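Copied over from TrEMBL, here are the features:
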ACT_SITE  235  active site, proton acceptor
BINDING   24, 129, 164, 235, 238  glyoxylate binding site
BINDING   77-79, 106, 127, 155, 211, 233, 266-270, 289-290  FMN binding site
DOMAIN    1-337  domain 'FMN hydroxy acid dehydrogenase'
Ligand code: FNR
């Protein structure tokens with residue numbers, strides 16, 4: 001069967017994956033209200049297309065923290081790719097390399113950050129959790145820098161793990177990360193405070209992005225702590241159920257930040273028109289999580305590449321139909337909230 005869109009990949013992945021693995025990838029927390037809201041908001045927002053512009057070619061190229069990208073689409077950090085493919089994140093990164101965009105490697109990946117870098121021929125960002133034992137964080141940061149990762153993405157929306165009831169029912173326990181040897185003490189994530197951001201900022205020369213901000217208030221404090229970028233996110237509906245979607249939070253954050261750092265958004269991006277809507281509301285680029293896992297499950301690296309190529313070509317078509325030959329032409333007037 002040929003897969004013509006992300007939904008086709010999603011269905012195929014569900015048929016292929018162990019049910020408990022599918023649930024781990026697809027699920028959210030509690031009643032999955034936020035998980036559904038992440039999709040619903042994109043259906044709700046409508047476009048105001050402009051006509052009679054020369055859209056013979058539409059240019060999707062951009063930069064993220066100075067790195068040139070073929071499309072404003074970046075791979076979000078997701079854990080445990082070995083549930084989808086025996087080569088895990090190494091296979092994923094080969095597909096992302098074909099597409100030529102940035103992959104964010106999760107700190108709880110099933111392949112080590114060095115193995116992922118070895119398999120990659122595309123720029124990488126490293127997603128960080130901070131653990132009780134500070135030496136683990138220091139060690140991860142140093143390894144990421146030495147291996148050529150270009151930015152650190154600190155995830156701040158997991159002071160505790162969300163209540164994932166599908167996983168409880170399945171008695172699903174996530175596998176250990178390949179990045180470090182875990183024991184009961186170090187496995188505990190620290191409940192972070194802004195002091196940790198100051199500490200982290202002083203530890204690494206790499207650009208620092210904060211992932212998991214949903215309010216203008218926190219965006220301002222993040223700026224005061226010298227972050228280089230903000231990823232507006234509710235963790236794919238896997239943490240606080242009832243939290244607003246990233247897309248809904250985006251406008252107030254864009255307004256508060258007023259161009260002082262780059263702003264990204266994730267959650268529910270499944271179509272080129274979704275990317276267009278996020279950019280119209282002020283995102284520099286979007287991150288995609290689950291669709292990459294569906295591509296990986298169904299066709300390994302080619303599936304991952306295809307997912308990214310689908311999003312890119314759908315975005316290019318949407319730009320043409322909206323009268324936007326460049327990404328700069330995508331402005332707030334394009335959407336009706
Ligand atoms: C995630 N996410 C995530 N985020 C993070 O910062 N570190 C991580 O290790 C993980 N792991 C993870 C596993 C799985 C299976 C999923 C689905 C998600 C959240 C992820 O980065 C991103 O915020 C969401 O996945 C974006 O939403 P969509 O694109 O999946 O709808």
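Keep in mind that glycine also has a Cβ here, set from the backbone N, Cα and C atoms.
Listed in sequence order, the binding-site residues from 79, 127, 164, 211, 266, 270 having a Cα within 10 Å of the Cα of residue 235 (active site, proton acceptor) are 211, 266.
DSSP gives residue 266 (FMN binding site) a strand state. Note: the CA-CA distance between residue 127 (FMN binding site) and residue 24 (glyoxylate binding site) rounds to 19 Å. Closeness to ligand 1 is met by none of the binding-site residues 129, 164, 270, no Cβ falling under 6 Å from the molecule. Neighbour counts of Cβ atoms within 10 Å were taken for the binding-site residues 77, 268; the minimum is at 77. Cα to Cα, residue 79 (FMN binding site) and residue 238 (glyoxylate binding site) are separated by 13 Å. Under the DSSP three-state reduction, residue 211 (FMN binding site) is assigned to strand.
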